[in-house]
Amino acid sequence: MEGSQSLEEHPYIPRDLKLPGFVPGVLSQSTIIGFYAVSSLLVVSTIFVLSGRSPKRSKTERWLMCWWAFTGLTHMILEGYFVFSPEFYKDKTACYLAEVWKEYSKGDSRYAARDAGVVAVEGLTAVLEGPASLLAVYALATGKSYSYILQFAISLGQLYGTAAYFITSWLEGDNFAASPFYYYAYYIGANASWVVIPTLISIRCWKKICAAFQVQGQKKTKVR
């Protein structure tokens, strides 16, 4: 009975998705999004203020530090929780992280269904790209020589992961959202930043790396 009841009551598409033991979310959409927005704003503002202590650091670099701190913590905390909590939809404690994924699954039920492709992409993102993003903050803060290469590598990884995420959904029918609102707000809107920003960072880093090699080549020519 519990399985059939869960089948009837969960809000996800397809309707015949089996989620035995499903417990409806407790927190409202506004509470979930509001807390995430405030927490993200706190992280970004803190990093931006602290990064301004060095007069040598440009505003672009300061904003990049904010982005890498934000995306790194998102990867490690939110996505990390999803990867290592396979039965989050059964949570009865109103745990915020479980509530986030119960809500987001309305835009992509593959999360509630533990789709293998999604779990793999999110797992690599949480374990590799999360820590690497925080390393990028350190690299920018200390002016490490590997900063551009690191940012370029992470950005390509994010673009690859996002592409795999969208393509696998399309190949499987692209019918995992509870409504057009959730499709565009969650599935499209929530992931747009990880397409636009990594693309811009990749272009910037590519130019910086090419310029560095060009200068190095000119120095070798002069020496000869």
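Note that Cβ sites are derived from N, Cα and C of the backbone, with glycine treated the same way.
TrEMBL annotations: computationally assigned, not manually curated.
Taken from TrEMBL, the feature domain 'EXPERA' applies to 60-202. Summarising the annotation, TrEMBL assigns transmembrane segment to 32-51, 63-84, 116-141, 148-171, 183-203.
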Averaged over the domain 'EXPERA' (60-202), what pLDDT does the predicted model reach?
97
Across the domain 'EXPERA' (60-202), DSSP labelling yields 112 helix, 0 strand, 31 coil
